[in-house]
Structure formats: structure tokens, C-alpha cells
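Positions annotated as domain 'Pyruvate phosphate dikinase AMP/ATP-binding' by TrEMBL: A:56-292, A:301-348. Here TrEMBL flags A:421-502 as domain 'PEP-utilising enzyme mobile'. Annotation source TrEMBL lists active site, tele-phosphohistidine intermediate at A:H454. According to TrEMBL, the domain 'PEP-utilising enzyme C-terminal' annotation covers A:519-868. The substrate binding site annotation in TrEMBL covers A:R560, A:R616, A:E744, A:G765, A:T766, A:N767, A:D768. Marked as Mg(2+) binding site by TrEMBL: A:E744, A:D768. Residues annotated as active site, proton donor in TrEMBL: A:C830.
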Protein chains: 2
Amino acid sequence: MAKWVYLFKEGKAEMKNLLGGKGANLAEMTNLGLPIPQGFTVTTEACTDYYSSGKKITDEIQTQIFNALAELEKIQGKKFGDTEDPLLVSVRSGARASMPGMMDTILNLGLNDVAVEGFAKKTGNPRFAYDSYRRFIQMFSDVVMEMSKTFFENILGEIKEAKDAKYDTDLTADDLKEVIAKYKAIYKEKMGDDFPQEPKIQLMEAVKAVFRSWDNPRAIVYRRMNDIPGDWGTAVNVQAMVFGNMGNTSGTGVAFTRNPSTGSKGIYGEYLINAQGEDVVAGIRTPQPITKLEEDLPECFKEFMQIATKLENHYRDMQDMEFTIQEGKLYFLQTRNGKRTAPAALQIACDLVDEGKITAEEAVLRIEAKSLDQLLHPTFDPAALKAGEVIGSALPASPGAAAGKVYFTAEDAKAAGERGERVILVRLETSPEDIEGMHAAQGILTVRGGMTSHAAVVARGMGTACVSGCGDIKINEEAKVFELGGHKIVEEDYISLDGSTGKIYLGDIKTVEASVSGNFGRLMDWADQYRTLKVRTNADTPQDTANAVKLGAEGVGLCRTEHMFFDAERIPKIRKMILSDNVEAREAALNELIPFQKADFKGMYEVLEGKPMTVRYLDPPLHEFVPTDPEDIKALASDMGLTVEQVKSKCDELHEFNPMMGHRGCRLAVTYPEIAKMQTRAVMEAAIEVKAEKGYDIIPEIMIPLVGEKKELKYVKDIVIETAEAVKKEKGSDIEYHIGTMIEIPRAALLANEIAEEAEFFSFGTNDLTQMTFGFSRDDAGKFLDSYYKAKIYESDPFARLDQNGVGQLVKMAAEKGRATRPNLKVGICGEHGGDPSSVEFCHKIGLNYVSCSPFRVPIARLAAAQAALNNK
Amino acid sequence: MAKWVYLFKEGKAEMKNLLGGKGANLAEMTNLGLPIPQGFTVTTEACTDYYSSGKKITDEIQTQIFNALAELEKIQGKKFGDTEDPLLVSVRSGARASMPGMMDTILNLGLNDVAVEGFAKKTGNPRFAYDSYRRFIQMFSDVVMEMSKTFFENILGEIKEAKDAKYDTDLTADDLKEVIAKYKAIYKEKMGDDFPQEPKIQLMEAVKAVFRSWDNPRAIVYRRMNDIPGDWGTAVNVQAMVFGNMGNTSGTGVAFTRNPSTGSKGIYGEYLINAQGEDVVAGIRTPQPITKLEEDLPECFKEFMQIATKLENHYRDMQDMEFTIQEGKLYFLQTRNGKRTAPAALQIACDLVDEGKITAEEAVLRIEAKSLDQLLHPTFDPAALKAGEVIGSALPASPGAAAGKVYFTAEDAKAAGERGERVILVRLETSPEDIEGMHAAQGILTVRGGMTSHAAVVARGMGTACVSGCGDIKINEEAKVFELGGHKIVEEDYISLDGSTGKIYLGDIKTVEASVSGNFGRLMDWADQYRTLKVRTNADTPQDTANAVKLGAEGVGLCRTEHMFFDAERIPKIRKMILSDNVEAREAALNELIPFQKADFKGMYEVLEGKPMTVRYLDPPLHEFVPTDPEDIKALASDMGLTVEQVKSKCDELHEFNPMMGHRGCRLAVTYPEIAKMQTRAVMEAAIEVKAEKGYDIIPEIMIPLVGEKKELKYVKDIVIETAEAVKKEKGSDIEYHIGTMIEIPRAALLANEIAEEAEFFSFGTNDLTQMTFGFSRDDAGKFLDSYYKAKIYESDPFARLDQNGVGQLVKMAAEKGRATRPNLKVGICGEHGGDPSSVEFCHKIGLNYVSCSPFRVPIARLAAAQAALNNK
């Protein structure tokens, strides 16, 4: 018989996949002899079984749960539903990977009309007992039965008004009994049944609710954003209750062994005296710093610090701990490796190496590659900042500078983000329902909540700037307006936030790119020692190239030459070329473009100092360049000696039904060889001149896009060679050059063995390859991909994370076939996926030579490449 | 040392690949001891070598040519450039497959200023000698040196005027000397060199010109239309000249051993007394029927008939022969298996089987599958024909009825065809340059030329109706007008042609579909015995289905359900569904559609009498259904209680950037499950009812389109099963049904092993699969595919002929992977390629179960499947 339930004392840290992170750590802490309220864990496999059994818990699993419960009753010396001293438990989710705020928790389970009496007797505090029962009914109805909270909030409000009570705490035990009666009545009215009095039924319903919550829409979104597979499932932890709200020798808190924002050493955290655990996380009252506990409860603080140190040394990482003090006795409710900002992660990793606790390899593996993105976030431009008016300040909850238009709901923020606006989301407090709006925002500002509030934790995870707990704000979320520092800010007004200082500014302050710190360089040096995959960048200007080189790029993997044509000075010339009727006119227009393109290439070659650069020839459909603005059309007509009507009709002729699958890529060079000639001249002249001037050993790499057939590549290659050789002759140069192709349509991958006969290198254009392989266009997929996520057909965006099963199969096939023909074929990837860690690992595993990504993702790719090498040794 | 050149006596019929069809047959006839002017053949390998050597003939090959020439001089007892009796030769192309009119011929080669004197002496006919020399200079300059003919025509015209000569024949030998002098002068002026006097140089230039002509644009187009690979190359035949224009005991002709239009037994052909060979083919003078030769030259006719019979018996097929009679002596210049209409092919094949000359298997292999298309061409509707006014009649050159708008140039015809118009191409006479315009036409009408003229031969090959040699027509091609029977017909007027009767009608006469003859049934029965591949049809209406069943379809392989929605009565309902905001409104609109869709399915099931039918669920992007006509928009708005603006804006929201890769196929069912539910109800109710009413054993096959992922198919399949089971329960039926998918996007092929876990059958949608695999859309590829053909990157349209290397690789992979998961997986193909013979053979080879094609291609697919089975035994 399978084992579906483990007592805490039966587990250990290594059983994380089975028990979830929380369950495994509770087991580990139990084994370490720490003060843990005991309990048991229903395994992640039980969750998977629940789904595969048609959302049912089998009798076998239920029996094991009840057996574990009986054991827990023995351990605690209490009984479920007891009239003297009832056992109360919390029920919490706990997946393999931490999913903060995503899953629902139930406290005080086990209370019923009888047990509440026993609880009152045992605690000698009837008011506390009835308040706990009231809270339990409300929480159970909401979380387990999915009744609206407002029913209960209204009842409570009415009774408070009737009793003239200002706070909940003004209500007496008898008042609360009245509340409970009304709660039970509304429950019966809405649910059709009495509120369940049998604690075992309460428990089983709660366990099911946790299982169900694994698949709520918030959880699905979180998993998609964090690459967590949907089939992992969650464990359920059932733990004896302890109470932090039993008076002034009780309390509850959250603490980190090091500062999760900066990584600096020393305990860091917050607590509230006389409060339940959820109060700290929800940020409803603003808590005290943990160090103040030394004054309030010195013995507890001393014990807490000893255990915290023990935990960090045991796990060899910064710990994030939850604790409760019940009438002077300290309990640890959980510990885990703490989430942290990227600078903190670097600081902690470097410190742990210096402290001899971990190796450099471990340090490299500890940093989440994606999180480096945070280090590269913008700060305010110092000049612009001087003029900026500070209108308030609050907690620096997640670093980085952000400016944008104010929106008051997650939906509005999301919609604005989709329109391409920069967004600051302003909320009283955030909740998991806000996750997509938060994701769309450049910055988040909350009125309530501390450094460990939902907003702060989630924003740090996302690398989004966040200022939290700004109590000075007067907000009216319905009217979409807030007041601060004497200013009234309405929807779509601009504000700016500094998540590193906590300052809030009026207006749209210019931001500048981040520079990187010493720890960063140290970690990158380690990473570079381990990785075998080269990292290049996608850049189209000398400036971007310089930036990327600073961030460690070892060359340009993709220079998109069309980006050089959109400049105001240049676009009239490319338009003229496009609308020309014959080769001569096209050549004349192209000749005017050569100096610009050549100057760009020269600038890039200079910055690269001999590092390689792959130049991709003109790729987009030509109609992307033609004017739509009437003024532009008029200007073009007059420049070309045509009527406006003629220009319009020529532009219309370029219309395509499916431009993504139209006249673009090397198809342009096949129909208009003069374009390839012009580009070859620009590349070759630039390379020869910079080589001569600076002495760099430049070997141009010319990349023909969208090839699907060897003869097609050969045809364009012959054109390129003819011009290149002519330029060499003119300049008296013996420069080498390579001609290769992008593999971005399925046929090219299928026939890569033939194509490699002509191509000296392959670069996978995984954006287009993903489009063609899935048969959906990136621009249009938005209309249905949401339905696909909801239906759990796809779990992640294939344009962000390489589809290894499908698209990856083509990539692997093409690399193998290409190398079978040409063993020294250089193979890389230059789609968006080049900066995605899981995709980088895939590229490492199938033996590519390099990845190329946007400049700011270069460090991510370097680290991901190192991790891939270490993980696949 | 390789052998590049073969004397006729060194070859044989089996060496067709090396010597070309013409060369191999000349060798075979030589071996048979027939009267053949001797000569030699430069091999197709020499042509390939010419191209791979950068368009150069190597010294080795030239030496072999000159050695063969020396042998020929010995055989003929004449010498190149001799002053008494010079050797003159013709130089002709001859590829492996016959390419009529595509390649250029040079006659009288070997003449120069000295040899012409010898030739005059030998023939005793100076006028004839100088005329031959004149013709040679003109032909050499045009064909070999690519000078414009007009230079020479102008000179000839001027001299005729000066000499007051009406016909060429009115010019004397001295006049012709003058012409020759002027010809040579213009040659020198334009070419910069003297006209080549050295016969060996003339010969080598002519050989090169033949090789070059293999790659002229007409040849490339012809090869593309006839699936002839570009790397075959052409051979060159150098043959001693004989002259049919040496007086009234000379002549030249073309004849068939059976009638190439009807297949009836008996000699069939034409000849001209005192003419050169090209005069017959070009159709400049209208020739005599071959039987009349018995009167003119009875001895020659007798010998001719003996040899013709010998040749047919030898080759066991109808022969197409060219002959020349020089001063009473008969020579055969070539023989080959004659091109014929499809009815003739059937008649001849059946007759040869009945005569015991070939087996039924051979008969099946003899008929070109594509040609059956001709049998299924329309005839005139008898009622409409009664009212039709006959304005003229001429030769019934290619069978079939056609009606369309008149165009006078190939370019205009092509352009009109691309606009979707029905076209009748009217020409004085056609030439190879007209090939694309002829292809675009429904019918061809020529003023000049016989049954073996260019127009007639090419039209029969294409299965296009043709009436030729209508000398009554007064045509002005420049003014785009002709007169016939008292009517003036201008461009874009409608006329109608009957290529089977030769009649020409005024106006646009309605045509009706063809019925098939007894020979057809006989051949199809033979074919069905040999084939293993099943043949289904793509049909969407009971009528099309009935038609296809008559033509032998064994089921419906693809019923495109969206075609059922475009009816005037139905489209408002689908529009209402599309623009509805919520599930309820969509369901209400869909419920109105069920009766229509169900009635269609019932009609099809009734016609199929238990044969299988695969129903594909809604596939196109929804915006294809929305109204664009202002009246329709208004009607829809009023029907839905919306404003016109609201309807417009809802329609605009459906816009997609790349609709081919957009919200379509099963993506519609994922977002709007109610569509799949409605369609399931319609299919299941129809099947259950017809099964009950008629007792047919119906097992519906439901096909989910555009699947790319197993979970996606599973999701839609679950919706289908739920509704299907509900319908079964309502109706108390235990009907079986199968759910499968189309494999039409690359990812589905790559993951076919997973998809087969859910799919009970696969059908390859090779149209979409071709688009995605090549990365170009069918609608847009027209803009660049012409350049690709010209550049010889692609040789055929991948949408017409399956790309076996690329797309075929995916098809094969998917079939293998699918069957690895589910060994009894039924696999078919339902794209346009299902009716293309080479694609059918591919499907046979990779072991598919069936092909499905449009109704009129069903016989083609049946025959192609039989040929594939026989050829791959």
C-alpha cells in the first residue's frame, strides 16, 4: 500500500518533492529537535491522485489521514472536538516550489459548537474562544466553500453598529456568540446545509480545498510566470494550532537571517504582539522590527536567535522563518530558504563563500539566473531627479526606479500595459488577485503593508520597483484618485517611484540604466569559468553593442540591419528604393543608403574590437517601411515625381494576406539582388576599413535569413560572394568572411544536412521557428493563448520559453544534420529564447556553440550557461 | 575516358536517359535497318557537364564530337565545307522526355561562302542552294546568336520590294546572293564579328545553343508543368540533312499510326509537297492528309506504311513519326510514342490489350494519370447549345467544351486567368512563347495550323479545348479584334468553342460535366485490381458526394463543414453567433444552424450508403464570415439590436495580422466549445437517423483540425465525446464513432507519437502543412515564386506537387510515429496533393491507407495509385 501521509517526525529535508517545501522543512526541523507544533503532511502524490481520480480523495488516503490525526492527538494529548481541551489545527498548502500567497490557508480547524466550549474552558478566555470560532467559520466558508466574504463582513458590521463597538475587540463573548449564530444561519441559507460540526469532515473538506486551490487561476498564472509544471501538485500540512493572539506575552512574526533586500548580515524581520500569523503577512497593522523583541520578550528573543543561527548553518543559506509565541513559549511554524532580491542574492552568495560555508560552484548555482535582470534595472537620471518633487515616502520594498501613469486596479494596469504604456499600480494593499496587474506595472505603490507584505514579496520576485506601506496616502480606489503631499493624483497622471529609497515623486522622471556592482562581477567571473556556451548579443547600434560588451557579450549574434533603416534621415531613401519600378532606380536609392549602413557597421566593429559579428540581411516584408502618414506620402510622391495616388497604389500593391509568411527574408534578395549587393558592400567596406585602421582581426559573418532550401541559399550566396570579392579587389584586401544562414522555418531544419553544404554557420531564429512550428503568429496568438492556459493545454508562452518537445526537436535535428555534413559548423541561437535560462540549458545540452540575446540579458545567459554546465557535468 | 558522343549505329532504344528520346529512337531505327539520315548524338551527360563546367564544353567532348563528325563524313561520303558536295547537317535537341516546341533546331548547318557553291553545283539548283544558305544564316543568327529576327525580315522585305517580288520564291539566285550579303553585313554590325565560315565552329556554337536552350524560360515553365527535373539535361542530335523542298517529288510530313485524338485504328497524318520539315509543324501552310500521298507518290506511300506498321509493332505503341521525301526517296527523321488525348490513350490501350500486344498491367501503366482529367472535362449543356449561334468552324484540335472572354495575347490571357476569369485565347498561330497564356485559357482558337500544329499538340497535352486552322477569321491582333461569320468580336467579348467538333459559337454557352466512356470503366477496373491505396473524395454537399461516388470515390475524406455556412440563408446565423458577447447568445445562434448542418450530413450519409465520411470541424478564422457589404452590416445590426457602428467595431476586432496563423481550427473549439458541441450534435443525429432509416452501417469520423499538441486534441475530444454520448442517450443509439485529427502543422508531425494517444486517425492537411513547413502562404507566394522558378530554386509549385524532401519528411515521420503509438492508426491525406499522381505515389510508398481529393480527380488518384503499386512491386 502506498504511503500518502507522513507525520512530521517521519519526513526529512530531502523529501521535498513528496512533502512539498514546507512539509519537508517542518520534518527537518522536527528532527533537529526544534520547537515545532507537531502535525502531518498529506503528500503531493495524494494531490496528483486527487486530480487523476476525478477530483476525489480515495478511501485509502482518507484512512491514512485519519490514522495520522489519531497519532497527532496522542502527541498533543488533545482530541478533535473535545469538550475540555480540543485539538485545533491549521491546514496549509505546501508545494515543491514556494508559491507565496497563491494557496489558501485555514486556521482554527476543529472548532464546533461543542469544542468551542472546551476551548473556552481550557484557555480560560471565552471571548478569545468565540472569536476564534467566528474567524474559523468565516475562513472555512470563504476558502473551502467559496462563499463571499461580504456576507460575514456585513453581519459583523451590523452587530458592531448595534453594540456601538468601534473595533472587533470591543465585542464581548456574548456579542460574538450572536455573530456566530448569524454566521451559521447565513451559511445554512446559502449552502443549504448546516455548518459542518464534525471536525473530520471539516478536515477533509479543507484538504480538498487545498488540492483544488492548486488549480485556481492565480496559481496557474504564477506557475506560468515561474516555469512550474502543473503536474507537480501541492502537499497539505496539518499542524496543531498555536496562538499568538493570547495576550501581550503572545505574538507572531516573520524574520530572515539576513536582509533579503540588500543581503547584509544580521537578523531582519518584523513581529506583532498579540496577533495571529496572517496579520503580519497581510500587512493590516504595521509591525515592529524583530530586534525590538529583545526588549519585549528577551528570553524568547534569545532562543529565537539561537535557532535562527542553527537553521542558517544547517541549510547553509539565508532562512525565511515564521514563528509564534504563545504565552511566552516560542514555536517555529516554518523555515525555508528566503526569497531575496538579486543584489541580496549576490551579497549572500559571496558572503557564504567568504565564510567558507559554500563553494563558488554552489554560489553560481544558488543565484536564479532570471533574477539578475533586477540588477540591470534603471535608476533615475540624477539631473532629472534634482528637479523632481518628492511628494511622499514609505518602505523601499523592491529596488529599482520606475515612472509611469497611475492606475488603480489590476485590470486597468494590465490593459494599459497591453497598450504599451508604462504603468504605476497604486493599491490600498495588494492581494493574489492582482498578480497580472502587478506583472504589467513598472512600479507598485501600496498604502498598507510592510517589507514582507504581499506587494513587497511579489514585487521583489518580479524585479519590479515597489514602495509599500505609505500610510500618508488618502486613496479612493472607486473614484480612482489619491492624495499625497498636497497633490491630487488621478488615473493616468504620471508619478515616479524609487523602490530602493522609498521615495515617491510627482511626474514622469527620466530613468537611466543600471551599473553593476562588485559582487556581480565576482559571480560572473565564476560563471565564466564553468560555462562552455558562448554568449553573444542581439544589437543593431554601436551604443547597444558597447552596452552589451560591458555586460560580457562575446560578440554580436544578430545585427538586424533593417533597424538601421527606420531613422528619419534614412527611411525616405528605403521607401524610394521600395517603390522604384526598375533595377536602376532601386540601385540609385540603395547607393544613397550605403554610407549610413556602412557607418553603423564601422561603429559596431570598432566597439567589438575584433569580436565576431553576425549581420543579418534585410528581413521584414517591405510594406513595413512604406508611409501611412499623409504628409509622408506627399513628401515621397514629390521626391519621386509621382502623384499621391500613384504612391498610395504602389503601397497598396505591397499588401499581403499573411505578411509573416510573405515576401520577406532572403526572398527579397532573390527578387531584388541589388539589396543584398548593397548590404554586402556596406559590410565588407566597413570591415576592411576598420581592420586597416585599428588592426582588429575582423572576419565578417553574413547571415541570409528565412532560407528553406539549399539552392535558395546558394543563389543569394553567389550574389554576396560576387560583390564581396569585387570590394576586396577594389580595396586590395584579402579579408576572410563567412556566409551562413538562419534556421527559422521548419523546412530548413528538416533539410539542414543539405543546407549545411552551403552554410558556414547556422543561427536558429527561434521566434519565427516557433511561429511556423506551432502554426500561430505571435501577433495573433494573444487572442486564444489565455484560453489555452486556462485549459492547461500550454503552461508557458512558447515565445518566451523554448518549446523543447516540438520546436526543440527541430533545433536538435538541424544541429545534428548540419554537423553531419559539416562537422565544424558553428551553431547558435538568436531568438528571444537566447536569454531564457531554461532555453539556454537546452542549448547547452544539445551542444550549440553560443546563444545570443538582448544586451541586458547577457548576464542572465552567462549565468544560465554556467548553471547548465554544472548541472549537466 | 567517358564516352560523350554516340553514332546512331552505336546506340539503342534502352539508352533513352543518355541519348534522349529522339537520339535513342534514331539509333533503334538505324539498328532496324530503316532509311534514316545518319548522324550522331551528344549525350545528356555532356549537357550536364556543360552546366557544371560553368557553361563550357570541354576539349574532351569537342574532340569526340569532331571524331564522330569525321565518321559521319565517311558514312555519307561528303565533307564539311566541301566545294563539290558539302555535308550539311541539322542540329536538334532531344531530352529524355519529349518537350515539343520547347527546344530550338538549326537546319542546313555547314553552309558557308564556299560550300554554298559546292551545294549549288551538286544540286544543280543555285537558287535552292542560296535560299538554303540564307535560311541558315537567319536561323543561326536567331537561334544561336539570339539576334532579333526582324533585322533579317526587314532586309528580305526591302529586297522583295526592290525586286517587285510578291513571294520569297519570286527571288532569283542573284537576288538571294544580295540578301546573303546584307545578312552577313548586319550580322557583322550587330555581332562585331564576321558570320562564322568554319563549319566546325558553326557546329560547336549550335551544340552550345541547344544546351543553353535547356534553360530558357519556356523550357523551365514546361518542365514545371510536366514534373520534369531540371538536372536531366538534353542530348543534341547532329544528323545529315535531307531536303523535302527540292521539287514536286520531294515533301515532308508528320504522321501517327493511330488517331491521336480518338485512338481509332489507321494511319493519321499530314504532309506538304515541296516543303521543309518545319513548315508542317509551324502550320504556316495547311497540309494534305497523309492518305493523299498514295495518289501523289504511291511507292513512297507503300514504303511509308510498311515502316509505320513495323515501328508500331516494334515499340508496341502508337507511333508519331516525321519523314521527308527527297526527290522520291523516303527518309524517317524520327519516331516516338505519340502524344494523344486521354480518350485516345484509353482506346489505344484497350485495343492493344485486345490485339494481344500488351497486358492489362501495361495498359494501366501506359495511361498518364493526369490526362484522365480531360475525360472529365465539360461539354455544352444541350439546351443552351440549341440557342447558341455557330459563327464558324475549323479543326477539332483538342476535345472539350469551353466558354470565356476573348483575349489576344498570352499575357492578357494569363492576367485574366489570374483574376479568375474564364478565357478563350485567340491567336493567328501559337508559339512556345505563348505557353503560359495557353495554360491559363479554357479554350484556344487559332487562325492557322493543322491538327499537329503547335497549338493543337500543346492543347491536347494540357487537356485544354482547342479549335485550330480557322482560316475564315480576319484577325487584327494589335487592335485586339477579329471578324468571323459577320460578327466583330473584341477583347472581353464572350465566345464558346467545342474542341471535339471544331465549332465556334457566339456568347457564353453553359457547359455541363462530362460522363465517362466504356474504355474508361474498363481501365479503372484494371487499376482497382492493382492498387492498395484507397481513394476518397473531398466533398461538402450531397451533390458533390454523389458525383464523386460515381467516379469511384470510396468515401469522403474531407467534409469541410464551414462550406455549409456560406449559403444566403445560413450566413446571417453564423454571423450572429460570431458577434455574440456570451455563451448563451452564441448557443442560441448555433442552435438555429443545427437543422441545416444536420440535413447536409444526412444527405451525404444517404448518398454514401455506408461508405465512411470524415467530417472536419469549423476551420477558418471567424472574420471570413463577417459582412463587409454595408447592406449586410445594416441587416445584421438590426437583427442583433445593435448599431451599425457596434457591428463594424465588433467585426474590426476580429482582424488578424496573419489569419492563416491565427484564431482558427481547433483553437475556435477551445475558445468556443459550443461550436464543437453544435457540430457534434448535427453529425451524430444525422448518422443515427440515417442508420435507422436506411440500415447503413455508419460510423461517423470526426476530425479536429489544426491540432499541435496532444492536450489540445484531448480537450476538444472531451467536449465532443460529452455531446456525442448525450445524443446517443437521447436517441437510444449505440452507434460507434471515431475521433481523429488533421496533421497540418509541423509540431503535430513532430509529436505525432503523443497525438496518436488521443487520435484514432490522422489525415494530413498538406496544404497548410506545406505553408507552415515552407514558411510561405499560398496567397502571398505568387509575388516571389516566379523569381524562384526563374532562378531554378524551385522547379514545381509545392502546393500542386508535394515537396517530398521537406514536407514529405514530416508526413513520413508523423505516419511512423503515429503508428508506433497506435499500430492500427488509419492515415490518409486530404490536401490538394491527394489528386496529384507523383504525390499519390509518395503516399503509396510510405504506406498511407488512403488519399482524398476533389471529385474530378478521383479517377486520376485511382489510376495513380494502381501505377504506384505496379511500379513499386
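The backbone N, Cα and C atoms fix where each Cβ goes, glycine too.
Structural mapping of features recorded in TrEMBL.
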residue : record                                          : CB count, 10 Å
A:H454  : active site, tele-phosphohistidine intermediate : 23
A:R560  : substrate binding site                          : 17
A:R616  : substrate binding site                          : 27
A:E744  : substrate binding site                          : 26
A:G765  : substrate binding site                          : 26
A:T766  : substrate binding site                          : 29
A:N767  : substrate binding site                          : 15
A:D768  : substrate binding site                          : 25
A:C830  : active site, proton donor                       : 28
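Within the set A:R560, A:R616, A:E744, A:G765, A:T766, A:N767, A:D768 that the record links to substrate, no two Cα atoms are more than 15 Å apart, and one pair reaches that distance. Rounded to a whole number, the distance between the Cα atoms of A:C830 (active site, proton donor) and A:N767 (substrate binding site) is 9 Å. Listed in chain order, the extra residues whose Cβ falls within 8 Å of the Cβ center of the substrate site residues A:R560, A:R616, A:E744, A:G765, A:T766, A:N767, A:D768 are A:L558, A:D619, A:P705, A:M742, A:S763, A:F764, A:L769, A:C830, A:G831.
Chain B comes close to A:D768, taken from the binding-site residues A:R560, A:R616, A:G765, A:D768 by a C-beta to C-beta distance under 8 angstroms. Under the DSSP three-state reduction, A:D768 (substrate binding site) is assigned to helix. In the domain 'Pyruvate phosphate dikinase AMP/ATP-binding' (A:301-348), helix, strand and coil residues by DSSP number 22 helix, 17 strand, 9 coil. With respect to their backbone Cα atoms, A:T766 (substrate binding site) and A:H454 (active site, tele-phosphohistidine intermediate) stand 36 Å from each other. Counting only the Cα atoms, the space from the residue listed as 'active site, tele-phosphohistidine intermediate' to the residue listed as 'active site, proton donor' is about 36 angstrom. Nearest neighbour of the residue listed as 'active site, proton donor' by Cα distance, taken over the binding-site residues A:R560, A:R616, A:E744, A:G765, A:D768: A:G765. In the three-state DSSP scheme, A:H454 (active site, tele-phosphohistidine intermediate) is classed as helix. Secondary structure at A:R560 (substrate binding site), taken from DSSP and collapsed to helix, strand or coil, is strand.
In this structure, A:C830 (active site, proton donor) belongs to neither helix nor strand by DSSP; it is coil. For the domain 'PEP-utilising enzyme mobile' (A:421-502), the model's pLDDT averages out at 87.
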